[in-house]
Amino acid sequence: MKPSVILYKALPDDLLQRLQEHFTVHQVANLSPQTVEQNAAIFAEAEGLLGSNENVDAALLEKMPKLRATSTISVGYDNFDVDALTARKILLMHTPTVLTETVADTLMALVLSTARRVVEVAERVKAGEWTASIGPDWYGTDVHHKTLGIVGMGRIGMALAQRAHFGFNMPILYNARRHHKEAEERFNARYCDLDTLLQESDFVCLILPLTDETHHLFGAEQFAKMKSSAIFINAGRGPVVDENALIAALQKGEIHAAGLDVFEQEPLSVDSPLLSMANVVAVPHIGSATHETRYGMAACAVDNLIDALQGKVEKNCVNPHVAD
């Protein structure tokens, strides 16, 4: 008899078929308490869980006594109670490598669109404001040869550094938990403390996961240390930034502009002050959102769940020690 798994995110037909070759698959719309209650028998028997964008906490795990592995279609896993999973010896799988290049593309797009005011001036053209040769009020700022500060030199940080160094001749500063020898050798990146990075960078790109240590890492104190001409980019996790402090910094002119792919609350409220600022490019968490990459992430998540329930945790496992 095949193990039972719960799928709470739609998959392409071929990937669903692959999953069904190994498991009895039960599809649900979400992991809300109502859904769990309505499908209590299914949740009670499930050994695997696959999906994204839903909280997996201790309360849910109580309803799933046979759960052995969870697989998220994402690199981030801050919506999972890792301690509760680990205490139950439940494996948590994620997709850390598939989306690296695509997210780095998004970061570079935010750098370019904020610096050159692409969204703002495109909207002005559509509004009929281009009636003569443009003047300084339409101008942006250069990207090439400007200093890029990267906070978080992981896979995505490295991919961004590659684009910035070879494509735009940008000097690179970085701050991370440890020195990154490859970044220093390949891109001439310079490690520095966070204060120095903030003070010297023309673009500050934040690429950090959300943890207890990184929550509101960026607040009023950090924005006050940045150049008034600097542009802030966040494509990591929204709550790493105190959004009210960011809004205040933009309103006071402490920083020049911001390109944001993530927010403290998602979707972003329609009455957020960020949406009324011409110098803010706000996009709806599109970091990995291409057809190719989202398919690749889903395929990876399917393979991860198959591997996990077969006891294979050599890659893409957040807590592999629970399999010992």
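Cβ atoms here come from the backbone N, Cα and C positions, even for glycine.
Model, not experiment: these values are computed from the prediction.
What Swiss-Prot lists as active site is ARG237, GLU266, and the listing cites sequence analysis. The feature active site, proton donor is assigned by Swiss-Prot to HIS285.
Locations of recorded Swiss-Prot features on the structure.
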| residue | record | Cβ within 10 Å |
| --- | --- | --- |
| ARG237 | active site | 21 |
| GLU266 | active site | 11 |
| HIS285 | active site, proton donor | 18 |
C-alpha spacing of ARG237 (active site) relative to GLU266 (active site), in angstrom: 11
Pairwise Cα distance for ARG237 (active site)/the residue listed as 'active site, proton donor' [Å, integer]: 9
